């Protein structure tokens, strides 16, 4: 009943209605890209109009996402109840059948959301390759549930990483290599173009290290964009089981379950292989110390990127700040614009490559 909804909201729950259907968003408020307080202010109200905007017109994926929190419908008869309300349905536990054909296990029948194409009780990595032409649409319909990739508990454990592990593993490496680079440059033996000519080679002083370090960070931001766009968002051929499986392992799993906190940063072991490859490339292109200085700047950029990526999913930046805008931008990439918005730590590269997510066409609310 409407009275029960008001009582639950007074106790701290966040229940909202939409076209007579009731949803419990208590577990989602921290993740909402508009901020927790925005949802808290709407607790106990009808959000039907808010889904159409302004300030934001919610996508089909966002509406599908909402159905995961469906708990029932509200008794008619209260003037504060939405006019489309239908008969009372009791809240039911996870996994049990719910009114309108909904279930709590991430599959939906008559809710307007297709039943899932995989068995969530089994590891997904070996199933997705069989989806074929349905894979691309399926993987870009996000759900709020954890993913299991492997049968093996050991492999499954190694595929998950807490956010602080990246910081703990790579920050000491960045600090140590920065010290090595600076002290090596201080010896005054590093010269640019010395492999081509000794007469016109350019000495690289230790005072240049901050600028070389910054160059490495800028190069990383470009690399971040290119990898995200052309590797993580490649469209695997529908007939190739192995490429579909590889895509899901690299990035598809993140788009399917964008709030799985254990899969938001790159595990250190596979990351070390990729990092080692780029270090080798820089060693071939630049003098040893100079290449190391660029590399350590890029490594620092990677650490910042991974930490920021986690924060954009789980943090609550203050409205109007740079990170607030990036969070909204990145969530739009997940829920509505999967073929644009490839910048994560910065939107800079989306401008020259023309992949910027378009702004809303209507005016914002005061």
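Quick reminder: no glycine exception, Cβ is built from N, Cα and C everywhere.
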Per TrEMBL, which of 264-286, 333-355 is transmembrane segment?
264-286
Among ranges 141-161, 162-182, whichever one TrEMBL labels transmembrane segment:
162-182
With the ranges 186-206, 207-227 to choose from, which does TrEMBL describe as transmembrane segment?
207-227
Could you tell me the C-alpha distance between residue 255 (Zn(2+) 1 binding site) and residue 330 (Zn(2+) 2 binding site) in angstrom, no decimals?
11
Hey, how far is residue 334 (Zn(2+) 1 binding site) from residue 58 (heme binding site), Cα to Cα, in Å?
12
Candidates 32, 58, 330, namely the binding-site residues, that fall within 10 Å of residue 313 (Zn(2+) 1 binding site) by Cα distance:
32, 330
Taking helix as H, G and I and strand as E and B in DSSP, count the residues of the domain 'Cytochrome b5 heme-binding' (1-75) in helix, strand and coil.
33 helix, 13 strand, 29 coil
